[in-house]
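Under the heading transmembrane segment, TrEMBL lists 12-38, 50-69, 89-112, 132-155, 185-209, 238-259, 265-288.
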Amino acid sequence: QQSNVTSFSATALAIITLEAFAGMWINAFLVCVLCIAWVKKKALNSNEKILLLLGCCRFCYLCTSWVYHFLSIIYPNYLFVHPAFQLTVFFQSFSNCFNLWVSACLCVFYCIKIANFRNSCFIYLKVKTDRIVPWLFLSSVFSALAIAIIAYSVAETVHNDSHNFTCLGNFWEASVRMDKYLFPFYFLMGFGYAAPFMAVIFSAVFLLFSLWRHKCKMQTNSMNSLSVDAHIRAMKSILSFLVMYSINFLCLILTIVYAKKNENTMTLLIFIYLYAFPGVHSLILIFINPKLEKALLKILSCVKCK
């Protein structure tokens, strides 16, 4: 049985490492291309700023998550000690929540910039979009920081209580105390994931409604418009993120359920998707953006020639 657990852990680490490093490469490419464009133009538009920040936070999230799983499988004695465990939980929670909030900011930006509504509030947001983006970043940082601080405090409490009860030998009471502390943490994390999810849903609904109105107006006036192409490109990005985020949200809930049941196979399948999400979605964003797609195809053609 011990050999089966060891082989399972080795397989899990190999798969997670492959996905994490592939995702880090994709997001590092995204960051490098945008940084080179920033140096050449000495400026970035709001869309590129969001993509740059998204690439950076996803790279950091994959790094911290991989380090956490690597240490938990290979060197658990070095991880589950004070303050290594608490700091790892803090950075992992911050980077994960910040990643989801910046992704939601990108969807909201597409909605405000491309959708056409005559509402005075919406027109004001469209005009002031470039000034709103830094405030979106700031609110994302504070939201992620608040969840990370609470995660750190919960990890500290659980670590101290589990150590004390383990020394006393009362494992059942330790489990009860852990559930008591982890339930509000899971509830808060669920809220932290659900809030950006709702922002993505509303952005997709508004863009769909705007696209439908625009197509009806075009058919009535018998005219063509480039705005439809902009709507479709934005919808591809938002819908792809909506589908992936829905599965991601479901996986996060299932992680909590199966972690308590100690079902390693299902937990591994969930983690496979969770690690694939940051890389796959960034790859979709690269192919939607003509500049990034051109740079990626150029690099791949050079590699193929060599």
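Cβ from N, Cα, C; glycine included.
Please treat TrEMBL annotations as automatic predictions, because they have not gone through curation.
Only residues 6 or more beyond the boundaries of the transmembrane segment (89-112), in the same chain, are considered here, and those with a CB under 8 A from a CB of the stretch are 46-47, 50-51, 53-54, 57-58, 60-61, 64-65, 68, 122, 125-126, 129, 132-133, 136-137, 139-141, 143-145, 147-149, 151-152, 155, 189, 192-193, 195-197, 199-200, 202-204, 206-207, 234, 237-238, 241, 245, 278, 281, 285.
For the transmembrane segment (265-288), the partner stretch with the highest count of Cβ pairs under 8 angstroms, out of 12-38, 132-155, 185-209, is 12-38.
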